[in-house]
Amino acid sequence: MARRLLLALVALIHLVIAPPPSLNRPDLVNHHTSASDRFQRASHAEQSYAIDLDNEDTAEDDLKNFQLETLENESHESSNQQEQQLEDIINERRCHKAGIEDKHARAKRYVTNEYKWLFTNLRWKLRDPYHLFKKEGDFETVRQTLAHALDMWSRASDGQLTFDDVTDSNATADLDMFFARWDHGDHEPFDGKGGIVAHSGYPMEGKVHFDASELWTINGKNGIDLRYVTLHELGHALGLRHSEEKGAIMHPIYRRADHRLALAEDDIDGIRALYHSADSQQGL
């Protein structure tokens, strides 16, 4: 029985762990937050919420569910232990940018990019170019989630960064955000469920894209939490690289957290190092 459990576990791990991304691949998100007294804030949704995007079930999902059911039938206790081990692995996915940044020496704490926005009042827009939102109200729920994350970075910068929501469909924005799957026009295609879940550009590029193949939730335990992913990707889009502080949003490993969403002191120090200089205080 032990051998059968081991074989099933190996097959399951092979199924759900994404292959190492190539260096020209976009940014995979993931991170873990720690509490900050100044910036800890309950999310706007008290209960978990699943975002219903136009998606397709895959044969891999069916096989994964079958293997989990087999493990449970053979040994309920052993299955629980192994599912927990798998969950720990799944929820510690490494951000793709980490593979690039590891080539260079990094400070122990926050690291800023070579670039930052040349202006600090940024216009942002959530679009749905591929018509992926199925339920009425989901688009607005996602828009509020993005606005909440932007507000957290604004307050972390002590108000040096401000963000205006662009609702005019014909107007341009500095930060362009949308959901897509596979090739979506930026030469950095997504890879389907379970791999790269989002990517962003560095300052002045202004893109933040989410893989619609993933199961996205807000406050949910099953799926990818949009709040954490958005906060991490916006950090990159504003000019932050990865931090080695495990409690920071900008840490390259995503560990799903059950507590309230918060920026760590390390994240705050990083964004202020970029946008809270003496020049910015003088209005230059």
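Counting begins at 1 with the first residue displayed.
For all residues, glycine too, the Cβ spot is worked out from N, Cα and C.
What TrEMBL says about this protein:
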type	residues	note
SIGNAL	1-18	signal peptide
DOMAIN	120-277	domain 'Peptidase metallopeptidase'
BINDING	H184, D186, H199, H209	Zn(2+) 1 binding site
BINDING	E214	Ca(2+) 1 binding site
ACT_SITE	E233	active site
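In the three-state DSSP scheme, the residue listed as 'active site' is classed as helix. The binding-site residues recorded for this entry are H184, D186, H209, E214, and the Cα of H209 lies nearest to that of the residue listed as 'active site'. Its own atom aside, the Cβ of the residue listed as 'active site' has 27 Cβ atoms within 10 angstroms in the protein chains shown.
The distance from the Cα of the residue listed as 'Ca(2+) 1 binding site' to the Cα of H199 (Zn(2+) 1 binding site) comes to 13 Å. The secondary structure of H199 (Zn(2+) 1 binding site), as reduced to three states from DSSP, is extended strand. DSSP gives the residue listed as 'Ca(2+) 1 binding site' a coil state; it is part of no helix or strand.
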